[in-house]
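Visitor: One structure, pasted below without further comment.
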């Protein structure tokens with residue numbers, strides 16, 4: 001007797017073809033960037049083990065009473081260990097920032113599947129090489145610096161590629177919500193990276209890097225075999241990026257303003273009213289391949305410069321927390337390395353909620369810049385409160401970490417996903433999809449400059465007191481908000497225009513009724 005089909009298989013067969021491929025693209029790109037962030041997180045967890053408090057481990061087994069750092073890992077056993085940690089962070093982040101501007105240009109001209117999977121394999125290799133320094137007993141700074149620089153360069157392959165893939169499959173209608181949920185890969189990767197690194201940080205910290213390196217290599221191989229770059233490659237319907245002018249948010253029907261609201265037989269993930277069956281049976285007309293946009297051409301797209309500079313300061317705050325929060329918790333709350341790493345994951349839990357909330361609100365209001373500005377304004381006083389009252393109890397610390405994570409990472413997530421995809425498919429490009437990777441690289445590359453500055457400044461300022469580090473973060477949040485002021489004003493005018501026209505129509509209707517009387 002033959003058994004019935006498994007429920008999961010029946011569900012897959014019930015989904016239309018377009019929906020299955022869109023779901024596959026979301027899952028693969030989600031796993032890809034989760035593994036990227038999973039491989040970046042261990043350094044922040046391992047820092048406290050490279051230079052621990054040796055007095056808590058008992059007497060020096062080498063009977064050298066003058067050496068108070070006997071348990072530290074050279075070359076991080078000196079009093080300048082914070083500066084060396086800052087150098088490690090910046091070796092990665094500066095290389096990442098420089099490489100990102102170049103990465104988008106390559107991403108537009110190379111097959112995304114090859115580009116992404118190759119970058120993941122190399123990223124896993126260099127992540128593992130950092131951890132192998134433990135097993136090879138390496139104690140020279142240049143080895144760790146060189147590995148960090150190489151890792152920073154190859155990790156730039158990730159973000160432009162995954163955003164371009166998702167942008168190729170999804171239109172603008174509910175992009176903020178979809179990408180807000182999808183962008184939780186950043187926080188999920190940070191959480192998993194913290195937990196995996198924490199499992200070995202006290203016993204063999206080299207495995208805290210080797211295991212994430214193996215994971216990202218495995219996911220890269222999976223992407224090589226299954227990732228589909230464009231809907232047209234598998235005879236699926238391409239998304240509709242523009243149904244109405246962005247400058248005229250009013251006066252359109254629901255179906256015109258939100259292509260995803262159109263009822264069709266393509267299922268919930270479909271962005272087109274045409275079925276995949278009809279599409280696959282219709283003859284394809286060969287179209288000339290559009291040229292990839294230039295770097296200066298991408299900068300001329302309205303909003304690219306403003307959002308790029310805003311992201312510089314927003315990412316400065318986010319990456320300072322990413323690299324220094326566990327050490328801050330160890331120094332201020334006096335937790336152990338593993339406990340501090342586990343507690344720091346709550347910041348990323350808040351980041352997941354903030355990214356989804358920012359995407360949902362920006363879809364509903366149509367104001368990407370306004371949503372970012374409001375969250376940045378609220379984040380500034382919350383950072384101040386966390387520094388002063390966040391360590392008063394475990395409950396307070398948990399609540400403040402989640403709130404701060406949501407407010408700090410919400411704008412960062414929105415800009416790097418939905419905003420980048422919106423600008424990369426801007427109506428001024430007249431349908432040229434060859435700008436998506438370049439625009440994404442410019443925005444995230446500029447943000448990565450801030451990501452490099454934040455941990456560097458934290459390393460330089462922290463010896464003067466953690467209060468000064470938080471003042472720096474608050475100032476960066478305020479600057480990020482101010483840089484979006486022009487775009488916020490433009491969005492406000494867009495909202496006021498339809499309301500003014502509606503009021504004018506009401507007045508005209510009233511006057512005509514009065515004239516009739």
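Here the Cβ of each residue, glycine as well, is placed from N, Cα and C on the backbone.
Worth saying up front: this structure is predicted, and the values here are computed from it rather than measured.
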Visitor: Between 3-20, 21-38, which stretch does TrEMBL give the note transmembrane segment?
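Guide: Based on what TrEMBL states, transmembrane segment spans 21-38.
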Visitor: Given the ranges 62-81, 182-201, 242-261, which one is assigned the annotation transmembrane segment in TrEMBL?
Guide: 182-201
Visitor: Average the per-residue pLDDT over the domain 'Major facilitator superfamily (MFS) profile' (25-493) and send me the rounded value.
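Guide: Taking every residue in the domain 'Major facilitator superfamily (MFS) profile' (25-493) and averaging pLDDT yields 81.
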